[in-house]
Amino acid sequence: MSAHTRITRKTVTAIRSTKGIGSLVSLTAYSAPMAKLVDEVADVIIVGDSVGMVLYGMPDTLRVTLDMMIAHGAAVVRGAAQACVVVDLPFSTFQESPAQAYRSAARLLAETGAQAVKLEGGCEMTDTIRFLTDRGIPVMAHVGLMPQQANAAGGFRAQGMDPRSAAQVFDAACAAERAGAFSVVIEGTAEALARHLTETLTIPTIGIGASPACDGQVLVTEDMIGAFDAYTPRFVKRYADANAVMRDAIRQYAHDVRQRVFPEPAHCFGYGKPLQLADAATAA
């Protein structure tokens, strides 16, 4: 690639236009180095509030703050060159009113450089999504299993498994589309429901524990590569065991330090050369 070749970042319009064409690849990232790696293949990078559990050891996502999302979102934007970057609106920063959601979303986009925000919610969020999209803030909706509402739902339980629950998820996704969302994440739902939503909606569906029929898939990267093992959802496929690789490297380093075989000459400056010290008068 020449020095003059310019990489164009995928826009929300481009993402929306993929409906029914191929399959969108989406992963999470919370740092610039991870974003750079994921950016090689991803169409969409989601800076999820899952950062609280994955990086900070929190028991859930409820303690994640807007400032945290801004810091991690900005890092991801710096690391990613071509993927569309979407940042989560964390708990308590958008539920109070559309105006509150706008203030939070405006800060996220202005201070991170991301392309869109993602928010969890059912039909009660319809007015908020419309308020944001009417004011130029692209929104990715999130329906089905919603981690921010896990307490009210009695835990992390699959949704849409009975007719009433399925209707609620279906109505929420359709309402989000009508309100202007450019795509929707469908998490932890009955496969038939996710498939039906994908066939019904005119915006891309991105599944996580949903259906292979969705217009795209997303996983938490640390789950997928085996770097986070505190809890593994049943819908995660592990493609590597990063923890094992890192653990072996750390143990080898500790062994080499204790045996004084690290650092080697190649890791030192002027190894083997005699010490030369200027006297105090000369140095002054």
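Even glycines carry a Cβ here, placed using N, Cα and C.
Now, the feature entries from Swiss-Prot:
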- E187: active site, proton acceptor (ACT_SITE)
- D49, S50, D88, K118: 3-methyl-2-oxobutanoate binding site (BINDING)
- D49, D88, E120: Mg(2+) binding site (BINDING)
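Locations of recorded Swiss-Prot features on the structure.
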residue: D49; record: 3-methyl-2-oxobutanoate binding site; Cβ contacts under 8 Å, 6 or more apart: T61, V64, M69, D88, P90, F91, P147, Q148
residue: S50; record: 3-methyl-2-oxobutanoate binding site; Cβ contacts under 8 Å, 6 or more apart: T28, T61, P147, V220
residue: K118; record: 3-methyl-2-oxobutanoate binding site; Cβ contacts under 8 Å, 6 or more apart: I46, G48, V86, V87, D88, L89, V139, M140, A141, H142, V185
residue: E120; record: Mg(2+) binding site; Cβ contacts under 8 Å, 6 or more apart: H142, V143, M146, P147, Q148, Q149
residue: E187; record: active site, proton acceptor; Cβ contacts under 8 Å, 6 or more apart: H142, V143, G144, L145, M146, G207, I208, G209, A210
Neighbouring C-beta atoms (10 Å sphere around the C-beta of D88 (3-methyl-2-oxobutanoate binding site)): 27
Where D88 (3-methyl-2-oxobutanoate binding site) sits in the secondary structure, as DSSP reduces it to three classes: strand
Shell list (3-methyl-2-oxobutanoate; ref centroid = CB of D49, S50, D88, K118; cutoff 8 A): I46, V47, G48, V51, T61, V64, M69, V87, L89, P90, E120
Local backbone state of E120 (Mg(2+) binding site), from DSSP in three classes: strand
